[in-house]
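If you check TrEMBL, you get these features:
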- A:16-487: domain 'Cytochrome oxidase subunit I profile' (DOMAIN)
- A:20-42: transmembrane segment (TRANSMEM)
- A:54-75: transmembrane segment (TRANSMEM)
- A:96-118: transmembrane segment (TRANSMEM)
- A:138-160: transmembrane segment (TRANSMEM)
- A:172-200: transmembrane segment (TRANSMEM)
- A:220-243: transmembrane segment (TRANSMEM)
- A:255-273: transmembrane segment (TRANSMEM)
- A:288-312: transmembrane segment (TRANSMEM)
- A:377-397: transmembrane segment (TRANSMEM)
- A:417-437: transmembrane segment (TRANSMEM)
- A:457-483: transmembrane segment (TRANSMEM)
- A:517-535: transmembrane segment (TRANSMEM)
Amino acid sequence: MFYPSAKLKVDRRDGKLAMAHFFVAFTALAIGGLAGLLQTLVRSGKFELPAGIGYYQILTVHGVVLGLVLTTFFIMGFQIAATSKTSGTLTNKQRLAGWIGFWLMTAGTVLAAIMILLNEATVLYTFYAPLQAHALYYIGLTLVIVGSWIDGAAIIMKYAEWRRKNPGQPSPLLTFMSLVNTMMWIVATIGVASTVLFQLLPWSLGLVETVNIAVSRTLFWYFGHPLVYFWLLPAYMAWYVVIPKVIGGKIFSDSLARLSFILFLLFSIPVGFHHQLMEPGIDPAWKFLQVILTFLVVIPSLMTAFSLFATFESFGRSKGARGLFGWVKKLPWGDARFTVPFIGMVAFIPAGAGGIVNASHQMNQVVHNTIWVTGHFHLTVATSVVLTFFGVSYWLIPHLTGRTLTKAMNKLGIIQAVIWVIGMTFMSGSMHAAGLLGAPRRSSYSEYGGAAQALEWIPYQVAQAIGGSILFLGIILMLYIFINLAFFAPKGEQEFPVGEPADDAEKAPMVFENWKLWLGITVVLILFAYTIPFIDLIQNAPPGAKGYKLW
Amino acid sequence: MHMHKFEKAWLIFGIGSLLVFLTVLGVSAFYLGNQPPSCLATIDPEKVDTTAPFNEPGLKKVEGKDWDYELVYVASAFSYSPAEVEIPYGAKVKIIATTKDVVHGFEVAGSNINMMLEPGYISEHVTTFDKTGEYLIVCNEYCGVGHHMMSSKIKVVE
């Protein structure tokens, strides 16, 4: 396949745009990580927050800053860099869209952060209407979403331009993947934008007195699950395209990589009910339908697992590895750019298994809203995804700043990942265990009046604090590496690794670029899964709920 | 588009397992009736205290139904009414619950009883208490500053 700009460096001006995103992302990591540390310490029962700061206030900080800010900024920065690298430098207009998006997102983040710090918005990032935050909190988060759309428009415009200039050619794989994730994000965020603009904002401004809770929650979770795939797909971009080049191998199959991304686009969105299995007002048959759709993402996940390990094995065998697992030894374990994301991949095995439990129609009842769920997504997003993002940072940051990853930093990167695994094993492991015993999530330290069952949970909470403290050390180390790569590492050329497919002669079928088809199917699936239950929720709605400020 | 024969085998095996798994879930849900709590009844959240059965929270013996008792809960920030209840061992109980203000959780720790309480909606779950002991009910959905203090107790007695 023809990659016209595969040898080029990312243009300095695009690099600045991407770096701006990364500065916000890593600031978020520092703040959100500190909040997380404090939460685990409070829950251990051995520590109280000073100066009247509330547990749920820092919980809101943790969720918003890591779940929305760190992820969205990192992903947008990465996708802009990847698109610029593989489809060519952004035009001035495209770059301007990127900057407008960036500043809108940043302004929104600051606004939401001020409201959280003033204790006007202790509603967590999942909103929890009829808890009612200050209108400026909702406006801030709306700006983050709208900013991300404009940011994403830069990627869409670049893709359209590339296709215009290269008729009949499949787009470069990394651009294609960035585009799929951007479109999935836009379709998904329509849900959260709708509940905020049409329900929560008018209600918090006092224009309407009550709000339909079930509709608001349904719109939120229409967004809430694709959100996790929006986090995951950039990690998949690195796994599919970057890692093969880092180890010196080939992409197993360009076409199958595209197919799996298309499947994620189709099956990521019409699945939100599996977060609402325990809720009244929704017919269980519709819940079951969405459970089935949820599980269809197993198919692209299996394809991904196969491709990655096929790449590793082919590479090892090409280096003369023998036996069933001889290829494992040939992999470049000393290279942080490989090893750190690899640890993320391995973490996805237990993480995915836990996800199957959560989404199961019946088993969900055992774990719903217990701290098991918190343990689950600290494996998916806070290990698989975040370690991959760290692994990407080790080459992308120096590539963009004209520096190099030194041997010392490379080694620190690997140490960082090992610390992360140790901390997460303690924290996520004890969260899973306590959750099975019934310990609730999103809850401050409580002995529940000395109840015997609650006392059983406390040792696990101490273990979570130990894990959380180790993880915080990992965050400090990561910030140190980031600052080094951004400002102090020696000047030089750091490669932006873009893999080439093994099936070089075989062109990816053009049907993958047919967005009328794929977006059409996406919309049909969404309408199929949501229309009737959504009409039900509106037609059979109880009287609306007034706002409460209970914090 | 070409697919490696090992990948085909892997996907056939994977998708086959998935179908078996979903069939098990489906049979459990629709044939055995193991559906998640999905009560469709609604209520005016402002009038919970005057609407039956929520005007009299607590355990009540019932006749002529599939269950022996009805156990009615009213949740509000940050407590449940009743705060404690004794249930005879082996009783089949329908739990009926709602909230007067914000969203709350209703989880009987160490059991499969777990449901969301949303303003305007009634949540129900039928279960048999076939193990004696003390069970803690916790709110597992964030509801405000006293969320972690919100609990109740079930004693299953001989």
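Backbone N, Cα and C define each Cβ position, glycine as well.
Residues 67, 71, 74-75, 78-79, 82, 126-127, 173-174, 177-178, 180-181, 184-185, 187-192, 195, 251, 257, 260-261, 264, 268-269, 271-276, 294, 297, 304, 307-308, 311, 337-338, 341-342, 344-345, 377, 380-381, 384-385, 388-389, 391-392, 497-499, 526, 530 of the same chain sit 6 or more residues outside the transmembrane segment (A:220-243) yet have a Cβ under 8 Å from a Cβ within it. Of the ranges A:96-118, A:138-160, A:417-437, the one with the most Cβ pairs under 8 Å to the transmembrane segment (A:20-42) is A:96-118. Within the chain, the transmembrane segment (A:417-437) has long-range Cβ neighbours (under 8 A, six or more residues past its boundaries) at 40, 336, 339-340, 343, 347, 354, 366-367, 370-376, 378-379, 382-383, 387, 390-391, 453, 456-457, 460-461, 463-464, 466-474, 477. In the predicted model, the domain 'Cytochrome oxidase subunit I profile' (A:16-487) has a mean pLDDT of 95. Contact between the transmembrane segment (A:377-397) and the transmembrane segment (A:172-200) is absent: fewer than three CB pairs lie under 8 Å, with pairs separated by 6 or more positions in sequence.
Beyond its flanks by at least six residues, the transmembrane segment (A:457-483) meets 22, 26, 29-30, 33-34, 36-37, 39-41, 43-46, 390, 393-394, 397, 409, 412-413, 415-416, 419-420, 422-431, 433-434, 437-439, 445, 447 of its own chain at Cβ-Cβ distances under 8 Å. Within the chain, the transmembrane segment (A:54-75) has long-range Cβ neighbours (under 8 A, six or more residues past its boundaries) at 21-22, 24-26, 28-29, 31-33, 35-36, 38-39, 42, 105, 109, 112-113, 116, 119, 121-126, 141, 144, 148, 181, 227, 230-231, 234, 381-382, 385, 389, 442, 444-445, 551. Only residues 6 or more beyond the boundaries of the transmembrane segment (A:255-273), in the same chain, are considered here, and those with a CB under 8 A from a CB of the stretch are 170, 173, 176-177, 180-181, 183-184, 187-188, 191, 218, 221-226, 229, 233, 236, 240-241, 282, 286-287, 290-291, 293-294, 296-297, 299-300, 303-304, 307, 503, 506, 508-509, 512, 518, 521-522, 525-526, 528-530, 533.
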